[in-house]
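Reading through the structure tokens given below for one structure.
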Amino acid sequence: MRILVSNDDGVHAEGIRALSDALRACGEVTVVAPDRNRSGASHSLTLEVPLRVSRISENGYYAVKGTPTDCVHLAVNELVRPEPDMVVAGINHGANLGDDVIYSGTVAAATEGRHLGFPSLAISLVGRTHFATAAHYAAQLVRGVMVHPLPADQILNVNVPDLPLDQVKGIKVTRLGNRHRAESVICTEDPRGQPIYWIGPPGSQQDAGEGTDFAAIEQGYVSITPLTIDMTAYSSLAGLGAWLDLQG
């Protein structure tokens, strides 16, 4: 098993080291990740400037001056030979719950892997302490995928509570919850008195009831949410056609 590992926190992040170390027991691991933190990059692809790649001497990781999606795309199509059998993104420093997934570079890296034809997982730790716990579950899931492959149009979005391994209650299969709209934008000034803006923290939980990823984490469980690559709203196709007919 050849495993490509990437993330959005950057090639020097603690989470990607913990993940790659744990997955070496499952197969041959190659790390291709952004050269710096690219959290919130979503599925952006660099098209207008060239991508530069360097190799970190002490661990052999590839550092790409680009986005998480760039990293997976470049790795699969150029850097990693033979091609990987699987893509694992993470361990993210913080949650990717609910509508976090539309912004997450970690989820995007896994999505790019699936788009390119490989089974893919996105692993996030809901905190910044117990990376070993998240790495344990990542390795467990990778071994599971080796035996029972995932459906061709899905990735698994995995969130792990920031707890010691023996305090995690188990695993729950969940749906995405939802946050309130984030309205906080912080305005300040640069040293020259010009206005600058910071996008504030994410909104509070809105849909976090039983069955959601939020609820599973709150209860001390690992949350696993299957995400589909095909974003077509099939249930709306007939209704949309009828709506168009009403327009004359």
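Backbone N, Cα and C define each Cβ position, glycine as well.
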Among S39, S42, S57, indicate the single residue that Swiss-Prot lists for the divalent metal cation site containing D8, D9, N92. S39
So which of the binding-site residues is most packed in, judged by how many other Cβ atoms lie within 10 Å of its Cβ, out of S39, N92? N92
Within a 10 Å radius around the Cβ, which one of these binding-site residues has the most neighbouring Cβ atoms: D8, D9? D8
